Amino acid sequence: MTTLLTLQDVCVVFDDRHVIDNVSLSIESNKIITLIGPNGAGKSTLVKTILGLQKPTSGTIKKEKKLRIGYVPQKLHLNDSLPLSVHGFLKLAGKYSQQEHLSALKLVEAEHLLNSNMHKLSGGESQRVLLARALLQRPDLLVLDEPAQGVDVQGQISLYALIESIRHRFNCAVFMVSHDLHLVMAKTDEVICLQHHICCSGAPESISKHPKYIALFGQQRDQQLAFYHHEHHHNHDLSGEPSDGSCCSKNKKAHQ
């Protein structure tokens, strides 16, 4: 397994305030890491640092040579007054052919959206188009900023299953950002809890019981947490439960 990117003792300081404080982590190929933390914890700054958009104040970042990073932002801001099709939007990503656009959309099961109006896409459709754009360059590392934001439960389930299939198809690492453990992918290899520094890390179930996580998120976590375990041989209703009566795992609640 190849180490794609390593942060060692990274700090980012704005106006004498440590937004990122002594963070060390490694991202390996074919692994999924989920970064969680409350608003203002430094998640966006850490993502910018990984993408190379934010220079660390101190510490070191090592990247695999010719590392290709695909990025899916939390939300796309478009000028509503300017008409833009999905095809036109994908053209902005670089010199790729229409066939390459179609192939990328097919990977995310959205080829039917090629000529659709970007302004009229649902939250789930927008995420798939953004994901297709990121896949055009065949990334080694896929960075997803709050991918489930604004997507309904069924859409989240489908999106996570799609991310899992992409991980295997490209043998790429996935670094995913979330504000909480709610519906964290069951296939996540590691959860990192950030509050400017790394409070704790580990499997989702172990993080939910960690004293530092509990201290950070408080008792409200009991109503918020559910770990989604995807089964491939059935359909889901809108609640995310199997709709065909098959025997499979229910969503698993996290306990204290």
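Any Cβ shown, glycine's included, is placed from N, Cα and C.
Database features (Swiss-Prot):
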- Gly37, Pro38, Asn39, Gly40, Ala41, Gly42, Lys43, Ser44: ATP binding site (BINDING)
- 5-220: domain 'ABC transporter' (DOMAIN)
- 232-256: region 'Disordered' (REGION)
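Pro38 (ATP binding site) carries neither a helix nor a strand DSSP state and counts as coil. Across the domain 'ABC transporter' (5-220), the prediction's mean pLDDT works out to 90.
For Asn39 (ATP binding site), applying a Cβ distance below 8 Å and a minimum sequence separation of six or more within one chain yields His179.
Take the mean position of the Cβ atoms of Gly37, Pro38, Asn39, Gly40, Ala41, Gly42, Lys43, Ser44, the recorded ATP site; other residues of that chain with a Cβ within 8 Å of it are His179, Leu194, Gln195.
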